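K.L.:
One structure is given below, represented as structure tokens, and several questions about it will come after.
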Amino acid sequence: MRRVYLDHSATTPVDPEVAALMMTYYTEKYGNPSSVHSFGREAKQALEEARRQVAELIGAEPSEVTFTSGGTEADNLAILGTAEALSKKGKHIITTAVEHHAVLETCEYLEKNGFDLTIVPVDEEGIVSVESVKKAIRPDTILITMMHANNEVGAIQPVAEIGKLAKEHGIVFHVDAVQSLGKIPIDVKTMAIDLLTISSHKIYGPKGVGALYIRKGVRVAPRIYGGGQEKKRRSGTENTPGIIGFGKACELAGQRMAEDAQRLSKLRDKLMNGIIEKIDYVKINGPLGDKRLPNNVNVSIQFVEGESLLLSLDMLGIAASSGSACTSGSLDPSHVLLAMGLVHEIAHGSLRFTLGHQNTEEDIDYVLEQLPKIVDRLRMMSPLYDQAVHAKQAQ
Ligand SMILES: *Cc1c(COP(=O)(O)O)cnc(C)c1O
């Protein structure tokens, strides 16, 4: 059976070149980078080369990159670390309604512990307005934390404008760029970003590695204490093979970004247009064109359940993801789609396809061949679909 992986926003395969490089740091060059002997020095050197590669992709200085265990830890370090460092200055934090749980839950934890939280809404495309962030700013605001591009609908946020605003008000600006890294350009300097979260496994690097960019001079209190690695910002023996893999993945992403973006946005549009053409009662979620990540398709298909669609696709070898995060048995629809104003029933029938480096035209053809058949079959069981079709015919 054909297998088509279209869930690259969940994770990506490790690039073979990355995996091969990592292997040598498990079995041959396994020294602890803190050791003074030659084994340690060779690991340290490779670690610093990785730091340079990561820094280069985001326009930072290597000394501004702190390695972590992933995007989630970097988000926690940014938010909790800023809250602790600046709590005497103020206790107000601004975030948005469409954040990843790593940001939302961390902010909500602070809210339960004496901080004030303002959650800024989004428009129907999932985009935050600079004006609404501006209105939320108070004299005691210490942090604005938001994403660069949304993981569910691919909406790209106006981070450079909001960065400028934050700077004018002396507010620390944290951006979660896990989904945008390697897909669209990021420059922490021109975007006026103080803290930037990135993760390796979304860009063809290994899982369990990420980084927080911390602009020189910005204070972030550590969350993990111990041996003082990473300039005391994140103690613990470094995951050297993982970090070295992350560095290589950043280098490759920088080389491939322009070409991948162009090719994938064509495939993305082919998939979106094909779905609109072949299936009735569908709605594309999120913005179109340049305001959308080149690899993201998110569509609501009325009168079907997202979960049923996913299972049927999976039986045909197609891996997608559902807009409704079905956590711990509850069938709550995605907070992102609800924030964009979708009603529960529509949000429930949502599917996300996220394309990657290896996807081809044939992959998209396969989905466009199978998906309409699945939808037809599932809708045969839907009395609501029957009613809608009859009502339309009666008009
Ligand atoms: C995947 C993701 C994260 C979490 O990163 P991990 O490395 O998996 O912990 C954070 N933010 C966004 C937007 C993500 O897509």
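Including glycine, each Cβ sits where the backbone N, Cα and C put it.
According to TrEMBL, the active site, cysteine persulfide intermediate annotation covers CYS326. Taken from TrEMBL, the feature pyridoxal 5'-phosphate binding site covers GLY71, THR72, ASN151, GLN179, SER199, SER200, HIS201, THR237. Marked as [2Fe-2S] cluster binding site by TrEMBL: CYS326. Annotation comment: TrEMBL describes 4-367 as domain 'Aminotransferase class V'. Per TrEMBL, the feature N6-(pyridoxal phosphate)lysine maps to LYS202.
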K.L.:
In the structure shown, which of the binding-site residues THR72, ASN151, GLN179, SER200 has the fewest other Cβ atoms within 10 Å?
P.N.:
THR72
K.L.:
For the recorded positions HIS201, LYS202, which Cβ has the most other Cβ atoms within 10 Å, all shown protein chains included?
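P.N.:
It comes out as LYS202.
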K.L.:
Using a 10 Å cut-off on CB atoms, tell me which of the binding-site residues SER199, THR237 is the least crowded.
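P.N.:
If we count Cβ atoms within 10 Å for the binding-site residues SER199, THR237, the smallest count is at THR237.
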K.L.:
Under 8 Å between C-beta atoms and at least six apart in sequence, can you list the same-chain neighbours of GLY71 (pyridoxal 5'-phosphate binding site), or say none if there are none?
P.N.:
HIS100, ALA102, ASP176, VAL178, THR197, ILE198, SER199, LYS202, GLY210
K.L.:
Record lists GLY71, THR72, ASN151, GLN179, SER199, SER200, HIS201, THR237 as binding pyridoxal 5'-phosphate; longest Cα-Cα distance in Å?
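P.N.:
That value is 30 Å for the farthest Cα pair.
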